């Protein structure tokens, strides 16, 4: 009997060791499924004031995210608009070997395939652009009164002129007014919603938190002041000014530049120390605010430490030349390329040295369009010849 118990304990220990060394899979964020599928609203159209959530969408959210949706009616529609982040990702990488392809699954963590299991540059961009998308859409939704729990940003106060008109002091030539996009709400809610599940205990979780924060920072710091003049005969005696979000295309351009200059990182020595080395009790859970208090250092000691708006990654990217079903990589076979370019969209790089084929095709397009009063645009149909190069 004693031998039997020893055998059982040995087997259990072996299983525990195996489970401990097995890498975590499916690191992608489940909420991505909302943005992909599109949730029109979380208010019931039948009973006003009653919250409604599609069961399929309900399954993509964690408990905290469902609570945030209940407490802030209208946010799911704003989160769904983060689908622009997917379109922007595909726009930025349409001429690259990895073109940010997504899968038609509702379960969000599978949208980009299992490449998100890898701590590479592409994963860093995915996390940053989706976090930025939520921040951007929420800030705008507040201005449009689409969310019950937030409004325009009225934190700006009127300012007196620095150069008084006509020598009179305190003559206001411009003032804050209008309706500013509520970047404060968008930033805070994105932190609460997007970062749910990222406890900041492992290096990979710290990477995700850093890149999520970088995406939000790009939206926040690129806010622009817009003004409208008021006065007699076109004069600008008074200007009403407000803060406006940048276009999401400009956010995508900035993050793409950060992608090209992303930093490979590791934990700093202070973060590597165990609680026992610091004579502290090991916490059961990292406090919410403390999970952002970490320092990543460059993998190459000759490089500078990454800033708050830089993208960071942990490992080299996989190859994108050949199809890899396990990682969801489609490969570059059949991709269009530019035979005159020496850049990443050129046939030499895009086709990974396999060569390419050239086809001539005829397409029918609208041309010679003219405007006729009122109000019609008439076009002719032209048959044009196009030369298309595709990778072998």
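Positions of Cβ are set from backbone N, Cα and C atoms, glycine also.
According to Swiss-Prot, the protein has these features:
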SIGNAL    1-16  signal peptide
DISULFID  89-100  disulfide bond
CARBOHYD  99  N-linked glycosylation site
DISULFID  142-150  disulfide bond
DISULFID  152-179  disulfide bond
DISULFID  227-241  disulfide bond
DISULFID  229-236  disulfide bond
LIPID     233  O-palmitoleoyl serine
DISULFID  321-352  disulfide bond
DISULFID  337-347  disulfide bond
CARBOHYD  338  N-linked glycosylation site
DISULFID  351-391  disulfide bond
DISULFID  367-382  disulfide bond
CARBOHYD  368  N-linked glycosylation site
DISULFID  369-379  disulfide bond
DISULFID  374-375  disulfide bond
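Sequence features, as recorded in Swiss-Prot, placed on the structure.
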| residue | record | Cβ contacts under 8 Å, 6 or more apart |
| --- | --- | --- |
| 99 | N-linked glycosylation site | 90, 93, 335 |
| 142 | disulfide bond | 150, 151, 152, 153, 181, 182, 185, 186 |
| 229 | disulfide bond | 235, 236, 237, 238, 239 |
| 321 | disulfide bond | 97, 331, 332, 352, 354 |
| 337 | disulfide bond | 345, 346, 347, 350, 351, 356, 389, 390, 391 |
| 338 | N-linked glycosylation site | 95, 345, 346, 347, 389 |
| 374 | disulfide bond | none |
Task: List the same-chain residues at least 6 positions away in sequence whose Cβ sits under 8 Å from the Cβ of residue 368 (N-linked glycosylation site), in sequence order, or say none.
output: 379, 380, 382
- prompt: Which has the fewest other Cβ atoms within 10 Å: 152, 179, 241, 351, 367, the disulfide-bonded residues listed?
  reply: 367
- prompt: Distance between residue 367 (disulfide bond) and residue 100 (disulfide bond) at the Cα atoms, whole Å?
  reply: 32
Message: Given the disulfide-bonded residues 89, 100, 227, 241, 369, 375, tell me which ones have a C-alpha lying within 10 Å of the C-alpha of residue 179 (disulfide bond).
response: 241
- prompt: How big is the Cα-to-Cα gap, in Å, between residue 100 (disulfide bond) and residue 375 (disulfide bond)?
  reply: 40
- request: Indicate whether residue 391 (disulfide bond) is helix, strand or coil by DSSP.
  value: strand
- prompt: residue 375 (disulfide bond) to residue 89 (disulfide bond): how many Å between their Cα atoms?
  reply: 37
Field: DSSP three-state assignment for residue 142 (disulfide bond)
entry: helix
